[in-house]
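Novice: Let me give you the structure first, and then I'll get to my questions.
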Amino acid sequence: MSATGTREATGAADVVDPGPEGGEDSAGGSSTPGDAVPAWKRAARRVLDPRSWSLALRVVMVTTLLSTIALLIVGAYLSSVIADGLYEQRRDRVLEETLQVRTDLSDTLAQLSGATSTQQQDAVSSFVQSTGGQGGGDRREVALVPVETTGTVFPVASSDRTLFDEVDDEFSAAVAEQPDAVSWRSIGRDDGSGRPTPALLVGTRVIVPGSGSYDLYLVYSLQEEQQTLDFVQRVILGGGAVLLALIVGIAIVVARLVTTPLKRAAQAAERMAAGDLGARVEVAGADELALVGESFNDMALSLEQKVADLTELSRVQQRFVSDVSHELRTPLTTIRMASSVLDSRRSELPGELQRTTELLNAQVQRFDVLLADLLEISRFDAGAAELEAQREDLDALVLRAVEDVRPLAGARGCLLDVRLTDGDASAVVDARRVDRILRNLLTNAIEHGAGHPVLVQTAGDDDAVAVVVQDFGRGISPEDARRVFDRFWRADPSRARTLGGTGLGLSISVEDARLHGGWLQAWGQEGEGAVFRLTLPRRPGTDLRRSPLRLERPFDRAQADKAVSPTPTGEIRIGPGLLPDLAEPETTEITAPAEITAPTEITAPTGRTAPADPTAPADGEDGDAR
């Protein structure tokens, strides 16, 4: 992350994985109780989100969905084709039967031209009743209506009086327009149970010489065809369900065949990620999945060999550093003794040799410190470092370290603002290692603070104690914050160390923190300052989840400039009054500092002797795990 202008975006470096901490969820965003999502909602989201499904489940679900859509389309098409075929077949047969009925009716009416009216009535009624219900297996109804009559007029006759309800003026007009043709349309008839059944209404005109014209109407039931169509649809539906079940079963089998090798490869990759470099995938066959397995095994073998080579190289390097460091101890001891003798008699030497002796003695001492650091690093690399832990007061260790660096602060005109917790700051720690960490952090803050005050703050909660060292100097960028704990690393290689450091101080400090099961983290803004936070568990073996102190803090440059000492006093301020309490939430307004009073002399106490900071954060305040 970066931003233009005089300030860069903030960055932080974690030297050990702190895990979730202080109000930050695993995704890195902040959460509050009001934003909490119930577990059942999260589970429902996972179930409804296809991205959370397994590959086999997605294959089966997609196959099922597409197969269902395909079967519905095919079933609807087959049902439509069969329905059209049954309807057209029945219609053609109905039209043929209607023409036959019209011919028979014409012959019957022609034979009744000389009969009495009673005979005519009986003959017409008999024909209508006998014609009705003879529609090729399905019931049909017949109605005869005189239209244009001359001479003998035959009466209106019908096998079902409700048939006239189906004949409207529009259909009668259609029959009249085409007297020689047969007109028809589809209708719905009540089957007696209140349910409509499909039917065909057919009409035609019968012309009887000497009697005029008559309209003949017939209704043919399509109930048998509808029953056939219903049966076919049930067969299609049942067959489709069986076919869908078979497709789903086949999809499950195919998905398992495809995903099982992938699962094995994923499990092998997880074992390798956990440190089992001998994990391999069982390869069977010569298909694409087998090729994936073979490629994975080749990669794993190559990786295992590379790791083995690097491990051996690292072991050789560690052994080399350890051996060289030990071998140099003896000649260095002799050189140091000789240098001490020369330094003790420096006043007897000429002027030029006095300066040479002084430089020699300083560099020998620095070389001695470098060898000690290299030996310590080699012990960490070999896993031979051990804790000598006992219950200690972190505040007392902080005050002792502050007093140790007081001469350096005085030489730089740097004020030390110490904020002690008002609660219990005790923890089971190795005092020597914690003191080394604190002195490294304080020395770096003084060196890079450019004369600005250095804020030192402690806090504790039920599981951990923490100390923050903040300076307002040149700061560190996000990239530097990620590398600040590397061995012999400097943000600006061209910038010389003014306090004679070896470049291993922070590397050793982070190993000391890790040995305690704690964290040492860095954060800052370039050109504004830097923050280092040490978090240690109160009891060995405690799994830290958060820190009692905030890591990411605001920088008030103008206020820090006001607190710059014009003379190298090395003042130590304990309690509030120099800088604002930056452990408060970032939205809190920073107030102006109180007046700076005269220096306060302190000694290295064994317990807490300074007044508590009333603005110190409450136990359990969220920290930062970046």
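Quick reminder: no glycine exception, Cβ is built from N, Cα and C everywhere.
Just lifted these from TrEMBL, have a look:
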REGION    1-37  region 'Disordered'
TRANSMEM  55-83  transmembrane segment
REGION    113-139  region 'Disordered'
COMPBIAS  113-131  compositional bias 'Polar residues'
TRANSMEM  235-258  transmembrane segment
DOMAIN    256-308  domain 'HAMP'
DOMAIN    323-540  domain 'Histidine kinase'
REGION    542-626  region 'Disordered'
COMPBIAS  542-560  compositional bias 'Basic and acidic residues'
COMPBIAS  588-618  compositional bias 'Low complexity'
Novice: Tally the residues of the domain 'HAMP' (256-308) by DSSP class, grouping H, G and I as helix, E and B as strand, and everything else as coil.
Specialist: 39 helix, 0 strand, 14 coil
Novice: Go through the chain and flag residues at least 6 beyond the ends of the transmembrane segment (55-83) whose CB is under 8 A from any CB in it; none is fine as an answer.
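Specialist: 229, 232-233, 236-237, 240, 243-244, 247-248, 251-252, 254-256, 258-259, 262.
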Novice: Could you tell me the mean pLDDT the prediction assigns to the domain 'Histidine kinase' (323-540)?
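Specialist: Mean pLDDT for the domain 'Histidine kinase' (323-540): 83.
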